[in-house]
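Participant: Questions regarding the structure given below will be posed in turn.
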Amino acid sequence: MNPLPNRPLFNNPSVPSSVPNVSSFDQMAYNGRPRKHFPEAGRDFPLVNGVNPQPGPSITPSTTGSQLPLFERGTGILQPQASQTSQLTQAPPPSQATTPSQSEKDKDVDLESRQLTAIFRPDEDWKEKLRDQARQQRDNQLSGASAWDRRRDDDDELRDEEPDMDEDESTMVGEGETTKRWKARRTLRNHLDAVRALAFHPSELSLATGGDDCTVKIWRVDVGSLTSSTARPSTEIEPQLTLRGHSAAVTRLVYSASKQVLYSASLDSSIRIWGLPPPSHSTYAPYDETRVRGELVGHTDAVWDLALVRDENTLVSCGAEGSVKVWDVSPPSGCGTLRLTWGFYGLSGQVDGEGSEAPGATAVEPLRTDLRKLAVAYQNAVVKIYDIETGKELSRLPSDSTYDGTPATQINQLVSHPTMSLVVTAHEDKYIRIFDVTTGQCTHSMLAHLDGVTSLSIDPSGFTLVSGSHDCSVRFWDLLGSRACVQEITTHREKAKEGTLAVEYHPSLPFMASSGADGVVKLYASS
């Protein structure tokens, strides 16, 4: 194979522009099939059987011309070109053949004019580089694709492969025949900032999300596409409905299936009520003012958590000012009135005396084994059990044993076990703790994450606990057995020192969702 690249034909009138039964020279592909060439030979040796061939077009090194660069512009690949520019030597016509009477000087000039240029071989891979470059140039010319098109195609390929990358970042611990493995099946992208709130519809595969972009979005997903083992992970960018009304970040969402409404809490100290769209609602349908049902006003600071109790006729909320409010939302519209308020030190009449020192409430959770009781977590890592009807404090859990007086050890969320009198707390100091409400003792404490634990959720069966953290991971725990991590998934990216912000099990279907500071929502299915 000729290591030299093919050169375009010289403008030589003695060379015919076409040859019978051969394609014209201007139609031959440049850098195409290698052509024959003369082997290297010294001055003192004849080239063909001791007889010099007829003189023809030759290339001689120039002694005065400028040097050609060894790199092709824009490619960075060494080219096996001559080190100097070539000069053209006009070939004599066939009738003027060389005769023995020519002088020795003319013979030397002839020999010198027929010398080949030097071949530059930088390494052993120069042939492969040359072949790859020629193939790439040929493909680009045939496709006619511009650099922008190629870059866009590369980005699309990376975007398509992103779910596969996320799936590979899953670690199984203690995998066995009965171990569930959760895989990311769907990615929801539409929020412009961090997504802090998730809520599943109790019976349908409808997911509500809320974030720092002050919007609430309703997503409907096909169950078959998530459960199919052959379907590839995909990305969805259009929600069914976007609800706007809050003036600050949305912190909590709660579905009311019986009234077909959604409650949303926000940093703007308000609780808004939204009507749910039917399954047939189109994404591009006109704006419907009836979606806005009302607003519950009473908090004076950020509302951090919401909970529905007693057949969804009572709504409980807690705020950063330290108050817990009980709302009567029994009307069919979902709107309601304030029924009861209490603070860290008791009922509203006692809050005024020490209100300036009262810690803020961070989470509320009704005890599923006794719906008359409510667990409330505070910024000082204290968990208190209250009677929902009277607001009376019934007990206090020793969850503040590691509290150091700073938000670095506060409780971010708590959840109640569906069948046992257990409460699980997520702490900013990277710990997850399990408490027995009956005895008031901490039954288990574990260092769960590499950063603060932000959210918790227990599956409907009560066997598995899922947790999210600022270390961007989602971890699954054997809650009733070894209490060890059985799977870890890292699907979110860090932003502003925040990672995974919310995790949620579906109440009746084998699905789970997570959201993060990167504005992405992930849907998982078990296998």
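A Cβ is built for glycine as well, from the same backbone N, Cα and C atoms used for every other residue.
Curation plays no part in TrEMBL annotations; they are all automatic predictions.
So TrEMBL has the following annotated:
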COMPBIAS  1-24  compositional bias 'Low complexity'
COMPBIAS  57-67  compositional bias 'Polar residues'
COMPBIAS  83-102  compositional bias 'Low complexity'
COMPBIAS  103-113  compositional bias 'Basic and acidic residues'
COMPBIAS  121-138  compositional bias 'Basic and acidic residues'
COMPBIAS  154-170  compositional bias 'Acidic residues'
REGION    1-70  region 'Disordered'
REGION    82-180  region 'Disordered'
REPEAT    188-229  repeat 'WD'
REPEAT    243-276  repeat 'WD'
REPEAT    296-330  repeat 'WD'
REPEAT    446-479  repeat 'WD'
Participant: Across the repeat 'WD' (243-276), what is the average pLDDT of the model, as a whole number?
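Facilitator: Across the repeat 'WD' (243-276), the average pLDDT comes out at 95.
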Participant: Summarise the repeat 'WD' (446-479) as counts of helix, strand and coil residues per DSSP.
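Facilitator: Each residue of the repeat 'WD' (446-479) counted once, the result is 0 helix, 20 strand, 14 coil.
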Participant: Quickly jot the same-chain residues contacting the repeat 'WD' (446-479) by Cβ under 8 Å, restricted to those at least six beyond its ends, or write none.
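Facilitator: Distant contacts of the repeat 'WD' (446-479): 180, 182, 408, 412-420, 424-434, 485-494, 497-505, 507-508, 512, 514, 516.
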Participant: I need to check the long-range neighbours of the repeat 'WD' (296-330): which residues 6 or more away from its ends have a CB within less than 8 Å of a CB in the stretch?
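Facilitator: Residues packing against the repeat 'WD' (296-330) from afar: 248, 251-254, 256-259, 263, 265-273, 336-344, 348, 351, 355, 358-366, 371, 374, 376, 378, 386, 388, 391, 413.
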